[in-house]
Amino acid sequence: MGDRRTSNHSEVTDFILVGFRVHPELYILLFLLFLLVYAMVLLGNVGMMAIIMTDPRLNTPMYFFLGNLSFVDLFYSSVIAPKAMINFWSESKSISFAGCVTQLFLFALFIVTEGFLLAAMAYDRFIAICNPLLYSVQMSARLCMQLVAGSYFCGCISAVLLTSVTFTLSFCASRAIDHFYCDYRPLQRISCSDLYIHKTVSFFLCSIIILPTIIVIIVSYMYIVSTVLKIRSTEGRKKAFSTCSSHLGVVSVLYGAVIFMYFIPDRFPELSKVASLCYTLVTPMLNPLIYSLRNKDVKEALRKILGKRNIFI
């Protein structure tokens, strides 16, 4: 038996976030890039929430979900980006054990919540397009609140389970996490525990989180496409596809990156970091742009707030 102090994960007081393996001269460029993208995340998502809350015309289920999506995007980016930017200037690049636990928990909470919110938004579009006459009845305020509350509940339960499973590992080999934030797969690499059960549980958790939401989204859009193709009016089909293409674009980027990160064998750490950027910063930045630039109601509300009729075409 080895030294108990080296096998006990509670003895670890901090970790090192290795980040991107580039020349130190490029850290300034990466810092500026992160700063620019994070500023756009803040501006876009705070602006989207402000528009939705201040314009009575946007008091509908779709914008209720969109407002919550902006809230989630804002917060899980804020869990990752500031610490990453600090580490570009820091020599130690350390994060405390408690900070690592908190970062993993909050990130898991918000990213899982986002997945369920996107599924709820797909269901909302399904009802709006396939059963428009019953939309106001079926998508009641109570149901919308339940779907959003359920999304946060699933996110919280998933975060508790994933964080608990991850930090029961023993970290005695190294404190250096080969990533720019605390995530469970990079933490697995520095553990000296037997990972078979842990990987099985982690894979099971990811499967029961990701697969149901993907199924809801795919089935919803199969019905949506079938219904839209039956619309005789070209303008009607164009409007329906325009509404749904925004959502599909967001879903494709998010789930594509998540599947690459968590379901493909962990053989390419640097590619995993790039994939992580897609859902930690790129998707939260693009969501407000996609939903605002392709949405007439949001553009009209923004014109009203700014008081300038010629801002958007």
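Each residue, glycine too, has its Cβ placed from N, Cα and C.
Because TrEMBL annotations are produced automatically, they should be read as predictions rather than curated entries.
Since the structure is predicted, the reported quantities are computational estimates derived from the model, not experimental observations.
Positions annotated as transmembrane segment by TrEMBL: 26-51, 63-81, 101-123, 143-165, 201-224, 245-265, 271-293. What TrEMBL lists as domain 'G-protein coupled receptors family 1 profile' is 44-291.
Within the chain carrying the transmembrane segment (143-165), a Cβ under 8 angstroms from the stretch's Cβ atoms is held by residues 61, 64-65, 68, 101, 104-106, 108-113, 116-117, 120, 123, 184, 198, 201-202, 205, 209, all 6 or more beyond its ends. Within the chain, the transmembrane segment (63-81) has long-range Cβ neighbours (under 8 A, six or more residues past its boundaries) at 34, 37-38, 41-42, 44-46, 48-49, 52-53, 103, 106-107, 109-111, 113-114, 117-118, 120-121, 124, 144, 147-148, 151, 180-181, 280-281, 283-284, 287-288, 291, 297. Counting Cβ pairs closer than 8 Å to the transmembrane segment (201-224), the top stretch among 101-123, 245-265, 271-293 is 101-123. With a cut-off of 8 Å between Cβ atoms, the residues of this chain six or more beyond the transmembrane segment (245-265) that come close are 111, 114-115, 118, 121-122, 125, 185, 206, 210, 214, 217, 221, 271-272, 275-276, 278-279, 282-283, 286-287, 290-291, 294-295.
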